[in-house]
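**Student:** Sequence annotations record features per position, and here TrEMBL assigns domain 'G-protein coupled receptors family 2 profile 2' to 1-121. The feature transmembrane segment is assigned by TrEMBL to 7-27, 39-62, 127-148, 180-201, 221-239.
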Amino acid sequence: MSGTALMYMLANMFLTQLFYVVGVGGVQEDNLCLCLAFGIHYLRLAVISWLCVMTYDMLITFRNNVNLNPRPEPVNVLISRFVKYSVFAWGVPSLSVISASVMRVTVNHQAVNNLNPYNCWFFEKTIYNVTFAVPALCCFAAIADSLIRSWLTARATVGLQVDKKTRLKMHRKRTLQLHLYVKIATLLFAVNVFGCVARNGSPSSDPVAWIAYNVGHSLQGILVALAVTCNCQVLKIYTRSFSRRRRRRPRNGSATALFDKRDSDISDTTYLQNLTWEPVPLPV
């Protein structure tokens with residue numbers, strides 16, 4: 001469940017980055033600029049909503065599995081839970097976009113030209129604060145609450161383990177997942193804070209927040225991908241391979257070197273004839 005939610009979040013982040021690149025070049029058509037603002041508004045909030053789903057699912061998983069080996073759940077329970085997660089993750093951005101469109105229709109003095117200085121990435125100040133900043137802040141508050149409760153639950157369940165090796169292994173797995181979600185939540189929160197400050201100001205009067213938002217938004221995809229893939233296990237693999245290369249080899253005349261050379265020859269080749277007995281042993 002957490003892996004599926006993570007894939008949805010990364011897919012929304014990819015589409016957000018695609019729309020972001022389209023707005024960098026400057027959009028001259030007013031209707032296209034408005035559609036781009038609607039799309040980015042929806043996708044940014046969808047990314048935060050899926051992160052909220054991920055942290056809540058982590059809390060449920062920690063509560064239901066007090067042992068190291070997870071308890072399998074029925075398929076109908078998983079499907080029902082995923083449907084609820086999808087309704088929340090897709091419904092919150094949809095309601096936000098509907099509210100933004102209604103506010104644009106009711107407020108006549110708002111114009112599309114106000115979106116052009118911001119590359120069509122934001123709506124007007126009032127619409128942005130009401131339909132994006134407030135729901136995003138509520139989602140981040142729920143994310144922080146889930147992370148704190150997950151940490152307390154993991155601490156309690158780890159203390160229940162009798163075996164020391166099992167306790168250390170569970171602590172490592174729980175801590176790794178917690179640290180991953182904390183990194184992603186911190187990155188997204190910082191990027192959205194810079195965006196909120198830049199939108200409520202102006203690129204000319206406050207360029208620091210605008211530049212920080214552009215840099216953070218450009219790098220958030222690769223940073224999240226690195227945080228997901230390059231964990232401690234991957235680093236251990238590279239460390240072991242590097243240490244093996246630097247390991248000192250024995251002399252060529254020793255028996256160990258002959259066996260190492262023979263083993264390396266067998267492992268490097270793809271011919272199956274090197275794995276046969278030569279000479280063939282006598283049958284019994």
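The backbone N, Cα and C atoms fix where each Cβ goes, glycine too.
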**Student:** Give the mean pLDDT for the domain 'G-protein coupled receptors family 2 profile 2' (1-121) on the 0 to 100 scale.
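**Tutor:** Mean pLDDT for the domain 'G-protein coupled receptors family 2 profile 2' (1-121): 81.
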**Student:** Write out how many residues of the domain 'G-protein coupled receptors family 2 profile 2' (1-121) are helix, how many strand and how many coil, based on DSSP.
**Tutor:** 96 helix, 0 strand, 25 coil
